[in-house]
């Protein structure tokens with residue numbers, strides 16, 4: 001096949017080539033492109049941080065620290081966003097009024113109101129107590145409102161006047177009123193409901209004055225403790241005090257043990273699903289279990305709790321000592337009568353009490369009967385003598401006095417012990433805080449074995465807590481044995497149970513059951529703030545949505561620009577390489593064809 005070709009030689013001035021791209025130019029273009037992209041990325045990060053920093057999770061432990069510090073400061077009564085609430089605790093020996101406050105709800109339906117106790121200008125808690133108890137008005141119920149007037153006047157002076165009409169008042173009566181006949185209870189409450197609104201502008205209705213049961217009081221105490229400890233917070237946080245969480249992000253709540261002078265109380269959360277029980281135990285469980293929702297929306301179950309609560313009258317430290325002395329007196333006198341002995345009838349032949357320090361002498365009197373006792377400090381024998389007072393049954397699911405007890409998962413639980421649980425471990429033994437059974441038993445046994453003269457000398461030398469007195473020294477041996485038996489034999493706590501903490505204060509303050517009461521009573525108040533927040537969010541939702549979309553669009557544009565710069569640099573590189581490969585043959589062809597025409601000899 002023949003090949004036809006055409007050739008046309010142009011003047012040298014007509015020839016041109018693509019200019020070579022220097023490395024310096026490429027570096028300059030790349031530097032400018034990267035600088036431009038870096039500026040855009042930095043601008044995007046600044047905008048992103050300023051827009052979303054408010055919603056980023058903060059250090060919850062640091063926030064809680066700030067909240068605790070803030071609770072010790074005087075309440076700013078000039079703040080119009082603060083709300084107030086009053087709770088009157090009408091007890092058996094007196095009545096106290098507590099003033100609480102809280103800011104506007106944060107708009108998160110998962111959070112409760114942030115209720116705190118009000119503090120005056122001197123940063124002291126706003127609380128006032130009067131005596132006697134309101135039950136003293138049983139025969140003159142028409143004076144019940146006069147009885148409470150000093151408390152309400154005190155509260156009215158601390159709550160801003162413009163807030164009175166929206167400040168709820170709750171009058172909750174406990175042990176003293178429970179002992180009165182229902183007719184007298186209703187007469188006292190009726191006088192309060194009728195007369196108090198005539199003098200005070202607080203938000204108060206008939207349902208806000210009531211006599212609460214021991215079960216309700218226990219539930220309120222459980223709510224208050226767990227609220228202060230932050231156990232109702234459902235965020236995922238690294239708090240060393242409570243890192244274990246339950247299903248659906250719920251944190252593990254703590255149980256409470258509270259031993260007073262006359263009664264003993266236990267309260268703890270139980271699973272919603274329990275094993276099938278016999279009919280008799282099932283009925284007992286229903287009486288002792290309380291299920292409630294602390295959330296503001298009944299449709300949401302994240303704040304639904306099921307709590308076992310029981311109060312044991314006569315199982316407090318002082319009352320248990322009286323029961324023990326009655327037991328010793330009766331058994332000793334009966335034994336003397338049967339065996340013809342005279343133990344305890346004179347100081348020379350006393351009854352040797354294992355629950356008193358060595359050498360301590362005392363006299364037990366009941367009516368006309370007298371028993372002389374002297375301590376022998378045998379803690380193990382003391383525990384054995386106290387076992388019958390627990391009145392346990394043979395069933396494994398029964399605790400003190402044969403009362404049904406819901407199972408406790410001791411491998412996944414935590415308890416706080418208050419009142420006598422703290423006094424027994426701290427006032428004399430100085431081991432309050434984290435409880436360890438064997439350590440406590442050793443310290444209690446050593447104390448009981450000491451001579452009374454040695455103990456009194458140590459007390460004079462200030463070796464015990466400042467709260468300790470002669471009464472504590474005298475009955476510490478007995479109360480430590482009683483506490484130990486109640487905890488391990490009565491409630492079946494393992495002897496090496498590691499998650500019990502004895503305490504008097506929580507974060508430096510005493511937590512009253514009234515805090516739990518107002519938390520429960522005001523649980524629906526956040527609905528108002530939530531509705532207002534919903535309206536505000538509806539107006540701003542379009543802007544937030546458009547901002548998010550523009551945010552991602554801006555980021556995509558940066559990527560496109562970056563890709564274009566890279567492709568442009570690659571294109572320049574290919575052009576340069578192609579130009580370099582073609583330059584040598586082109587120059588040679590030009591020399592071979594053009595130079596001979598000029599009469600120049602090329603080659604040898």
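Every residue gets a Cβ built from N, Cα and C, even glycine.
Note that this is a predicted model, so its numbers are computed, not measured.
Per Swiss-Prot, the feature active site, proton acceptor maps to 217; the stated evidence is similarity to another entry. Under the three-state DSSP scheme, residue 217 (active site, proton acceptor) falls in the helix class.
Cβ neighbours of residue 477 (disulfide bond) (same chain, under 8 Å, six or more residues apart in sequence): 355, 356, 357, 375, 377, 379, 382, 444, 447, 448. Swiss-Prot lists 448-477 with the feature disulfide bond, giving similarity to another entry as the kind of evidence.
According to DSSP, residue 330 (N-linked glycosylation site) sits within a helical segment. Cβ neighbours of residue 330 (N-linked glycosylation site) (same chain, under 8 Å, six or more residues apart in sequence): none. Positions annotated as N-linked glycosylation site by Swiss-Prot, on the basis of sequence analysis: 330.
Predicted-model confidence for the topological domain 'Cytoplasmic' (1-28) is 49, expressed as mean pLDDT. Taken from Swiss-Prot, the feature topological domain 'Cytoplasmic' covers 1-28 (among others).
Sequence annotations record features per position, and here Swiss-Prot assigns topological domain 'Vesicular' to 50-546 based on sequence analysis.
The topological domain 'Cytoplasmic' annotation in Swiss-Prot covers 568-604 (among others) and is backed by sequence analysis.
According to Swiss-Prot, the feature transmembrane segment maps to 29-49 (among others).
Per Swiss-Prot, the feature transmembrane segment maps to 547-567 (among others).
Cβ contacts within 10 Å of residue 448 (disulfide bond), excluding its own Cβ and spanning all protein chains shown: 25. Following the DSSP three-state reduction, the secondary structure of residue 477 (disulfide bond) is helix.
The Cβ neighbour count for residue 217 (active site, proton acceptor), using a 10 Å radius and every protein chain shown, is 23.
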